[in-house]
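Visitor: Below are the features listed in Swiss-Prot for this protein:
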type: BINDING; residues: 17-23, 33-40, Gly66, 125-128, 157-159; note: GTP binding site
type: MOTIF; residues: 37-45; note: motif 'Effector region'
type: LIPID; residues: Cys203; note: S-geranylgeranyl cysteine
type: LIPID; residues: Cys205; note: S-geranylgeranyl cysteine
type: MOD_RES; residues: Cys205; note: cysteine methyl ester
Amino acid sequence: MSSRKKVLLKVIILGDSGVGKTSLMNQYVNKKFSASYKATIGADFLTREVLVDDRQVTMQLWDTAGQERFQSLGVAFYRGADCCVLVYDVNNSKSFDALDSWRDEFLIQASPRDPDNFPFVVLGNKIDMEESKRVISTKRAMTFCQSKGNIPYFETSAKEAINVEQAFEVIARNALMQEESEEFSGDFQDPINIHIENDRDGCAC
């Protein structure tokens, strides 16, 4: 329906510094990869218009700094998010171990209405590197995702554009579902309680 309003979807991309968050965003939005990206300071965002199930939506992708000293910026950037993407480097076990704390950090800062059902997507990035350098297996990553409520999982390469489109397609769809559920529940935010007292001694006229 063309009369339906355009939807803005806010997607937060989290993960340790150097896992490729900025590269994934740039590959998805600009179809470009650069090996000389500087570390993100604070936060930055890119937008891309996409069609999700015949619905025109604008994806607003927020790339937040992975350094701990910038985590205090969280509240302003996380609030109003429709989906959170957790990124780690399959060749770096520390970045994988940090996923839990990034997820917890998001839930605390964003305070979603229904935290148990808030949509996350996990991306294991840099699969283009030599197999011998890989330290996190697909099985281990999937076990983690299943333990957190079957979070969708993709293995990606921003450099080679592997699974980037596919991953963001799922991210967009899940974000849209979240946005629509928030919209629906927002209609019933303040229920009206009607209490009728039956005055037996009063006039019935």
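Here the Cβ of each residue, glycine as well, is placed from N, Cα and C on the backbone.
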Visitor: Where does Ser23 (GTP binding site) sit in DSSP terms: helix, strand, or coil?
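Guide: Reduced to three states, the DSSP call for Ser23 (GTP binding site) is helix.
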Visitor: If you draw a 10 Å sphere around the Cβ of Ala158 (GTP binding site), how many other Cβ atoms fall inside it, taking every protein chain shown into account?
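Guide: Total other Cβ atoms inside 10 Å, all chains included: 27.
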Visitor: What's the number of neighbouring CB atoms sitting within 10 A of the CB on Ser23 (GTP binding site)?
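Guide: 23, counting other Cβ atoms within 10 Å of Ser23 (GTP binding site).
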Visitor: List nothing but the one residue from Ala35, Ile127 whose Cβ has the fewest other Cβ atoms within 10 Å; the candidates are the binding-site residues.
Guide: Ala35
Visitor: Least buried of the binding-site residues Ser17, Gly20, going by other Cβ atoms within 10 Å?
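Guide: Checked Ser17, Gly20; of these binding-site residues, fewest Cβ neighbours within 10 Å: Ser17.
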Visitor: Within the motif 'Effector region' (37-45) only, compute the mean pLDDT.
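Guide: Residues in the motif 'Effector region' (37-45) carry a mean pLDDT of 63 in this prediction.
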